[in-house]
Structure formats: C-alpha cells, structure tokens
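Here's what TrEMBL has on this protein:
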type    : residues            : note
BINDING : Asp33, Thr36, Asp41 : Ca(2+) binding site
DOMAIN  : 1-114               : domain 'Plant heme peroxidase family profile'
Amino acid sequence: MTSKYNPASATYLSKLKEICPLDGGDDNISAMDSHTSATFDNAYFETLIKGEGLLNSDQEMWSSIAGYSTADTVNKYWADPELFFKQFSDSMVKMGNITNPAGGEVRKTCRFVNT
C-alpha cells in the first residue's frame, strides 16, 4: 500500500465543509467523486486511494488500521472495472432477494420514521 496521507485531501475537506456546513445545508448535494460524477464507474475507488472519499465509512476501507483487510479490495476494484461491475451486479441481485419478515420500512426522509 502507498502512503495514505494526501495533502490535497485537506483542500477537499474544506470544499466539503462549504457544501455541508454543520448548521443547515440539508438539501445540498455533493458528487461521490469529482472526476466522473455523472457516470457510474469505479472512479470512486481512486478517490479513496487519494484520501478523498466522500463518505467516511468508505474512506475507512482504505485508510484505517482496520482497512488492512479491505484496502486490497479497493485496489482491485480501482484497477479492474470488470471485476467491480461483476461483483456489484452480483451483490445487487443478492440484496434484491433479501426479505424483511419483521415489517421494516423504506423511509421517505432518512432521518425520520415514516408517519
């Protein structure tokens, strides 16, 4: 693995803080990656490698101590788009087959239980 610190990520963090302030901004949006934001592809994994993952949980797959077991997956998905799309497709089919016998709900607003 290469160095996980990227000085550019401090600039990226500043941009995110402008888009998503601590107060307000709930309707603001940010692209998952700044390179191909309008295309579904594997470029997001490159952002993780650069230390610029939008979601902290995703960035942890590359950057954290616990990431030692998932950093290889990030590298594979970045280097091999066909592998990424194949495994993504397989995972979507599996998730589509999940049932919820406990009667869960899809929330209209993720922060609140539907009324």
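Using the three backbone atoms N, Cα and C, a Cβ is placed for every residue, glycine included.
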Near Ca(2+): residues not in Asp33, Thr36, Asp41 with Cβ within 8 Å of the site Cβ centroid are Met32, His35, Ser37, Thr39, Phe40, Asn42, Ala43, Tyr44
Which residue counts does DSSP yield for the domain 'Plant heme peroxidase family profile' (1-114) in the helix, strand and coil classes, in that order? 56 helix, 0 strand, 58 coil
Limited to the domain 'Plant heme peroxidase family profile' (1-114), I'd like the whole-number average of pLDDT. 81
Cβ-Cβ distance under 8 Å, sequence separation of 6 or more, same chain as Asp33 (Ca(2+) binding site); the residues meeting this, in order, are Ala43, Tyr44, Glu46, Thr47, Leu54
Using a Cβ-Cβ cut-off under 8 angstroms and a sequence gap of six or more, which residues of the chain neighbour Thr36 (Ca(2+) binding site)? Ala43
